[in-house]
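The structure appears right after this line, and notes come after that.
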Amino acid sequence: MTKYIFVTGGVVSSIGKGIVAASLGRLLKNRGLKVTIQKFDPYINIDPGTMSPYQHGEVYVTDDGAETDLDLGHYERFIDINLNKYSNVTTGKIYSEVLKKERRGEYLGATVQVIPHVTDALKEKIKRAATTTDSDVIITEVGGTVGDIESLPFLEALRQMKADVGSDNVMYIHTTLLPYLKAAGEMKTKPTQHSVKELRGLGIQPNMLVIRTEQPAGQSIKNKLAQFCDVAPEAVIESLDVDHIYQIPLNMQAQNMDQIVCDHLKLETPAADMTEWSAMVDKVMNLEKKVKIALVGKYVELPDAYLSVVEALKHSGYVNDVAIDLKWVNAAEVTEDNIKELVGDADGIIVPGGFGQRGSEGKIEAIRYARENDVPMLGVCLGMQLTCVEFARNVLKLHGANSAELDPKTPFPIIDIMRDQIDIEDMGGTLRLGLYPCKLKAGSRAAAAYNNQEVVQRRHRHRYEFNTKFREQFEAAGFVFSGVSPDNRLMEVVELPEKKFFVAAQYHPELQSRPNHAEELYTAFVTAAVENMK
């Protein structure tokens, strides 16, 4: 029988529910259980694919091509699993499916209502996420906070699950903020008490509290919360602020969180062996050397827009025994005159993905600087496309060369729309998304990075591609297409082999990086940057 764990939040949003859920998932996995995890987002968008990164941070893409919340990146990195389209559910997606069923007459003339039709659809998503992965345990995080109007159907579905599958198979975990008032010199429990009261008013009694706090709460605070919120004192878990997020599973384990969960759900498993994870955390906490990486991006004011890129760099730093000293460079402010000032002290330059004209010329300048000064450079997605544009302009002397996305009237469309995208008008969910194979050129930097594998599978999110009409011209000038699709139509990886490291990929390598298994192309880049340290 599958066990269901539901993680809700109160008092404030962005309290760390996703990290709590991911940490618990790691602990349960290390007990030998098969775990999956999903995020419920109560916004009306179908998915975050068309949302501005300023609104929502990065869009995380799964193997099967779902555009999802960035929390899924935390889930995959912590638990080291690959999720699917059932792992991210939004209000928009549910209502869209319910309305389509109504139009097809599948409700047989019934009045379509939130209860039971919307709640049934939500419960079906929970169960489908578990069955498609054959999981012992599924953890479901509900975005936002208790009391939000948008969350009500989701919480009602969670309430109903207890009756559907039995109380021994369901556990509710509520995360809240425990604020410390410096002037009063004490922690305040009232916000948590009121949040739990609100949750209980919706028919859900939490079995565990996770309290986010800046400093240890002490047993008296835990006892008080236990008394007023009707949970066991040992089930009040502190989520202390830490220097590194990968410490959190160890902190949770030290408070027996996973054992309490297993006891409640009647799961008999051995204790979680966190030896390897603990060794990784010890290493992370004691890195002495730093390598400086300049990230030239469009959305640098919001680091969450590049969350997976940053994490992948960190993971590759662990392999090289270095911390990443990240220098954020706003591509929109980069010019030929100031590029040396902005990136001249960097040991490596990364140009990540993005969309639109703004900042593209600044990214091209950064790529030119890296090529001309032999600074290790990694381009990703749009970064790969602009690497091709830069080479066309400055080496092949194709003046006015550009991407057709950025300049539809360019005389040299080095990057053009994919053939199967030409007649598509909708923006959402229509990109080339998900896992696709890439055939690597023997003897190339890319092949070396991937331990000389012939084919790798990586996740994509793009609509435009390299225009193969220019391929021979590029190759004649020494530009190497070191990764291509198996049918040889799509150029996936490009490089200049005479440079220290000048490689760019159409796919998103960062989406498959893990703290205990860094993504290989990122690792090769960071290794080159370390060798280039000033």
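Each position is counted from 1, following the chain as shown.
For all residues, glycine too, the Cβ spot is worked out from N, Cα and C.
Every protein chain considered, the tally of other Cβ atoms within 10 Å of the Cβ of CYS381 (active site, nucleophile) stands at 23. DSSP gives CYS381 (active site, nucleophile) a coil state; it is part of no helix or strand. What Swiss-Prot lists as active site, nucleophile is CYS381.
When other Cβ atoms within 10 Å of the Cβ of SER13 (CTP binding site) are tallied across all protein chains shown, the result is 12. The DSSP secondary structure for SER13 (CTP binding site) is coil. The CTP binding site annotation in Swiss-Prot covers SER13, ASP148, ILE149, GLU150, LYS188, THR189, LYS190, PRO191, THR192, GLN193, LYS224.
If you look up Swiss-Prot, you'll see 292-534 marked as domain 'Glutamine amidotransferase type-1', on the strength of sequence analysis. Summarised as a single figure, the pLDDT of the domain 'Glutamine amidotransferase type-1' (292-534) averages 94.
Per Swiss-Prot, the feature region 'Amidoligase domain' maps to 1-267; the stated evidence is sequence analysis.
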Greatest C-beta neighbour count within 10 angstroms, which of the binding-site residues LYS188, LYS190, LYS224:
LYS224
For THR192 (CTP binding site) and CYS381 (active site, nucleophile), what Cα-Cα distance in Å is obtained after rounding to a whole number?
44
Hey, what's the widest CA-to-CA gap across SER13, ASP148, ILE149, GLU150, LYS188, THR189, LYS190, PRO191, THR192, GLN193, LYS224, the CTP contacts in the record, in Å?
31
Measure from the CA atom of CYS381 (active site, nucleophile) to the CA atom of LYS190 (CTP binding site) and give the result in Å, rounded to a whole number.
48
